[in-house]
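These come from Swiss-Prot:
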COMPBIAS  275-290  compositional bias 'Basic and acidic residues'
MOD_RES   SER269  phosphoserine
MOD_RES   SER273  phosphoserine
REGION    269-296  region 'Disordered'
REGION    554-562  region 'A'
TRANSMEM  25-45  transmembrane segment
TRANSMEM  66-86  transmembrane segment
TRANSMEM  106-126  transmembrane segment
TRANSMEM  162-182  transmembrane segment
TRANSMEM  207-227  transmembrane segment
TRANSMEM  234-254  transmembrane segment
TRANSMEM  515-535  transmembrane segment
TRANSMEM  562-582  transmembrane segment
TRANSMEM  604-624  transmembrane segment
TRANSMEM  654-674  transmembrane segment
Amino acid sequence: MAFTGATLTTSTIAATAASGPLMDYLWMLILGFIIAFVLAFSVGANDVANSFGTAVGSGVVTLKQACILASIFETVGSVLLGAKVSETIRKGLIDVEMYNTTQQLLMAGSVSAMFGSAVWQLVASFLKLPISGTHCIVGATIGFSLVAKGQEGVKWSELIKIVMSWFISPLLSGIMSGILFFLVRAFILRKTDPVPNGLRALPVFYACTVGINLFSIMYTGAPLLGFDKLPLWGTILISVGCAVFCALIVWFFVCPRMKRKIEREIKSSPSESPLMEKKNSLKEDHEETKLSVSDIETRSPVSEVGSATVPLRAVVEERTVSFKLGDLEEAPERERLPSVDLKEETSIDSAMNGAVQLPNGNLVQFNQAVSNQMNSSGHYQYHTVHKDSGLYKELLHKLHLAKVGDCMGDSGDKPLRRNNSYTSYTMAICGMPLDSFRAKEGEQKGEEMEKLTWPNAESKKRIRMDSYTSYCNAVSDIHSASEMDMSVKAEMGLGDRKGSSSSLEEWYDQDKPEVSLLFQFLQILTACFGSFAHGGNDVSNAIGPLVALYLVYDTGDVSSKVATPIWLLLYGGVGICIGLWVWGRRVIQTMGKDLTPITPSSGFSIELASALTVVIASNIGLPISTTHCKVGSVVSVGWLRSKKAVDWRLFRNIFMAWFVTVPISGVISAAIMAVFKYVIL
């Protein structure tokens, strides 16, 4: 349907340009419009993940909501900001004056460049590999020029500047995102009560976002809106005025409403999270309670307490986290051992057998059924949730809502630990038999299902029951309780940091529920800002060669001074939106979830700083890569949160893809250009 519309559009365009001096090459113009639409489709399927990937990954918006918002802002951004970068792509990379007497070669080169870029981006989207659309079109443009005119046809000085920008853009974006997140964490996230400072900062955040966005639109000089006639001082005055007005609106209307909403959420959920069950028990000082295991066996899992003696305080708050993931079944009551409440000064070895009281007075209970398993089978059983599974998304979303200390769970819950090698969260599900991990009805079980190894095996073996909606399971031999404790300590990274609450913060640096509410709207706004900037910058990747093709056909002048037509930018924006709806979810999953866990606060920092970098580059006509900016910001903020929170293996793969994209798209474009030059023309 979309391609039929593209064909009808090209027919209409061809009819209006029928009086041009190159009427014999009308077929090339029509072919160029079709390929340009495919290229725009591929840009939407791959590059749009940069804009809303983090918002979807943090759970702030759904995929459908992201597609709707991106469709609006990508299109508007392509119309208002895209013209200037299109000029750089059209004239900045090659010397178009060399084609004065061979206009048909320039037209063929434009078609070749679009084809080479589109093919490689479609392949990359199929492989869920985020690449740079700017890299593609630059490499393809150089490829056809080398075939058409040799090395003299390329402006190598401009190419060097562009290559430098590919490395400078992630560095600058990363620095800006890191500074912003550092300030947010220092003045908001790390406060005992983050709400007051967060509400005070809201007007500033909104004002900066709106002011920068408006300045970008007006400074670019969108002819459609008459902004090209505004002087610089007028642009600055209008932008600052609108930013101040927005700040006042937020301060007097949005902040009070947000404060009331947060208060309602806290009142309706005393535990500060819908996942938590908070129990307030009044107990007298110096009172000691001793319960035997036989007495506990008849109690519910939530009230299970071991035989340890604990001095109880006047008011003790016990918080537990309950996760319900997929079709998981709780272990039978008889397979669970009771939790034990221990003193705050206890070692990690003792903590593995009971519960720990955090410095803030909260009593966190640990799930404990390992001893029972070891006594019966001599094995320690654990299951890993794969980062690409459906459960990982649900688990990650719930981790964002739960506070750090509460994520350890109670006697019926699953303690969480970090698996660095896969960059995924791990559930140590104690007391749960392997056969409780059953594939859902209709799930694929083909070659992805490997031979099962049951807990009574003598040697260490890995079990894989893994597709995108199932689990990675593992079974390890552990012959003594001390060995088990050492392995768990090493896996959690606690080491000798006994009783350290900062180690928990390092692993579970998640937003508090009220902070999540505070930053949700901001992340949506900054994501829209990023989508707007992306539309302005990356629509040129699809439309730049088409603009050259159309203007050469229409005027016969390779160095035409005619401004980029607005309807051509709109044409590219529509293609980008369709690509997003049809195929965008593949790369969104890679960018938004796999590189590093995203929270609303970190997502806001990533979006605002990277979008600011892209918009500035668009305004000075420098074709940078939005992929590089976003990856640089994600890695920078993830590294600040925890060095082990970043999937460095995935980052390495993305970094390698930055280098292979230019030559691959260039080779494809050069091959098509050779066919045009030596066979067709």
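Glycine residues also receive a Cβ, built from the backbone N, Cα and C atoms like all the rest.
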Query = For the transmembrane segment (654-674) against the transmembrane segment (106-126), do we get 3 or more Cβ-Cβ pairs below 8 Å once near-sequence pairs (under 6 apart) are dropped?
reply = yes
Task = Would you mind listing the long-range same-chain contacts of the transmembrane segment (106-126), meaning Cβ under 8 Å and 6+ residues beyond its ends?
result = 22, 25, 28-29, 31-32, 35-36, 38-39, 41-43, 45-46, 96, 99, 133, 136-137, 139-141, 143-145, 148, 541-542, 545-546, 548-549, 552-553, 558, 583, 586-587, 657, 661, 664-673, 676-677, 680-681
Ask   = How does the region 'A' (554-562) divide up by DSSP, counting helix, then strand, then coil residues?
value = 2 helix, 0 strand, 7 coil
